[in-house]
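Trainee: Attaching a single structure in structure tokens format; questions to follow.
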Amino acid sequence: MDNDTIVAIATANGIGSIAIIRLSGEKALSIAKTLSKKDNFSPRYATLTNVYDKNNELIDETIIIYFKNPHSFTGEDVVEIQCHGGYIVAQSILQSCLDAGARVANAGEFSKRAFFNGRIDLSEAEAISQLIEAKSEDAAKILAKQVKGSLKEFIESVRDEIIHILAYSEVSIDYAEEDLPEDLVEQIKAKLEALKKQLERTLQASKSRAGLMQGFRVAIVGKPNVGKSSLLNGLLNYNRAIVSDIAGTTRDTIEEQVKIGTHLIRIVDTAGIRDASDEIEKIGIQRSLEAIEQSDIVVSVFDNSRELDEEDKQIISLLEETQKQQIRIKNKIDLETKLNVAFDFDIELNSKDDVTPLIKKLEAIMDRSNSSEEIMLISQRQISAVEETMENIDEAFYPLEDQELEIFSFHLNEAVKAMASITRPFENDEMLDKMFGSFCLGK
Ligand SMILES: Nc1nc2c(c(=O)[nH]1)N(C=O)[C@@H](CNc1ccc(C(=O)N[C@@H](CCC(=O)O)C(=O)O)cc1)CN2
Ligand SMILES: Nc1nc2c(ncn2[C@@H]2O[C@H](COP(=O)(O)OP(=O)(O)OP(=O)(O)O)[C@@H](O)[C@H]2O)c(=O)[nH]1
Ligand SMILES: [K+]
Ligand SMILES: [Mg+2]
């Protein structure tokens, strides 16, 4: 790591009442002094002061807070300059910081420094990064706990348990001529089994809650003219998509974000699925199939005022193949019933009038996916690490049986390494660059 003093605008880009410029590194305090022409700043006091550019022109009246190392977010000297918001002032102050010797921070560089200075571990860093983009209140609650170390504690307890088991075997390798006693082998096996079960539970809970963390995707499908776009408009509460009595009105997929209950979800309205001869419509149908693939919840719509036909049947067989959560809707119930199907509908609607039943159902499905399991892995990186840990535990069983303790130790060591990579990896700069590189600027 270098000794540069880094600077970034930490607040969102756009019009807002205030903005924060954050500096970290050896020169942070001297830069604050230069910009403000003040002799000193008391650590952790908010100081109201003017800030000037290199030509001594007033930029803004600001509040500056100095955090003396190591008592700061990064562990280095940190200065925060709180100025008026908008596009110009914060940029001018940033430029003045550069003129005074700072350089622009890379994405995630503040968090990276906090990590290298031992202020946070990787699981906490990932939680900070995801908290900013949380897609539901439940997700935010889990992440807030992880920012304070809840995942770290779990990972470290698992790691310690493996190390404990490893110690038995290492002692035998180093000091004993004999094999491990049979009852000890059984005890170790039981412990490893229990660990595996616990990790498996964590993995399953994490995967089933992926929608909660990443935001649910909901696809609306059905044959042409059943009222899919009317449904989308109802969910959004404004006329986003064109609705008409012409079959094939929606040609492309339409994607919109909306808040339902405590969840921020993406809804995808698709072109009606049917056997199309029209080339453009064929592409639209392909997109509908993709939308189903990419969704967490599939809402299928059928027209109550028409008899079931071949196109409906095609859709039904398509839905039978998918493993996704589903909601089946009988639409246009204000019209005379002609639809005759074998399966039960989840909801009956008049999508032009009121889609509240669908909103309630979606909310129930999304809330349900928030299992009571406390521990949750929040990135593919963490999931892969746990999977690697489990594989190595698996591979440790046979050599343990056969009293090949060196091979047994090797696999448990690998398991410890994989586990540690979630919080504090032994090596691997490349992985760190990749991880912090995906952070927001200014984080
Ligand atoms: N203005 C501001 N708000 C912010 C942050 C920030 O960096 N600046 N944060 C950034 O993500 C979050 C808060 N997290 C923080 C964590 C530690 C320290 C810190 O300075 N810790 C020192 C001093 C502790 C103390 O004074 O009690 C330490 O732990 O030694 C600051 C912010 C959210 N709000
Ligand atoms: N009576 C009645 N008409 C409806 C209802 N929902 C939709 N419609 C009408 O059905 C027609 C088709 O609605 P759309 O929302 O465009 O249907 P769509 O499934 O998006 O159609 P495509 O995009 O062409 O596949 C329009 O004339 C709507 O006004 C309903 O609940 N009752
Ligand atoms: K239509
Ligand atoms: Mg449509």
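The backbone N, Cα and C atoms fix where each Cβ goes, glycine too.
TrEMBL annotations: computationally assigned, not manually curated.
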Trainee: From the candidates Asn225, Asn233, Asn237, give the one listed by TrEMBL for the same K(+) site as Ser244, Ile246, Thr249.
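Mentor: Same K(+) site in TrEMBL: Asn225.
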Trainee: Given the ranges 182-209, 294-321, which one is assigned the annotation coiled coil in TrEMBL?
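Mentor: Of 182-209, 294-321, TrEMBL gives coiled coil for 182-209.
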Trainee: Could you check which of the binding-site residues Arg22, Glu80, Arg119, Ala247, Ala271, Lys443 have their CB within less than 6 A of ligand 4?
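Mentor: From Arg22, Glu80, Arg119, Ala247, Ala271, Lys443, counting a Cβ under 6 Å from ligand 4 as near, there are none.
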Trainee: Measuring Cα to Cα, how many angstrom lie between Lys443 ((6S)-5-formyl-5,6,7,8-tetrahydrofolate binding site) and Lys228 (GTP binding site)?
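Mentor: Spelling it out, the Cα of Lys443 ((6S)-5-formyl-5,6,7,8-tetrahydrofolate binding site) and the Cα of Lys228 (GTP binding site) are 41 Å apart.
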Trainee: Give the mean pLDDT for the coiled coil (182-209) on the 0 to 100 scale.
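Mentor: Across the coiled coil (182-209), the average pLDDT comes out at 90.
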Trainee: With the K(+) site defined by Asn225, Ser244, Ile246, Thr249, which remaining residues of that chain have Cβ atoms positioned within 8 Å of the Cβ centroid?
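Mentor: Sorted by sequence, the hits are Pro224, Ile242, Val243, Asp245, Ala247, Gly248, Thr250.
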Trainee: I need the CA-to-CA distance for Arg22 ((6S)-5-formyl-5,6,7,8-tetrahydrofolate binding site) versus Lys228 (GTP binding site), whole Å please.
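Mentor: That separation, Cα to Cα, works out to 47 Å.
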Trainee: Filter the binding-site residues Glu80, Arg119, Ser229 down to the ones within 10 angstroms of Thr250 (GTP binding site), Cα to Cα, kept in sequence order.
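Mentor: If one measures from the Cα of Thr250 (GTP binding site), the binding-site residues that come within 10 Å are Ser229.
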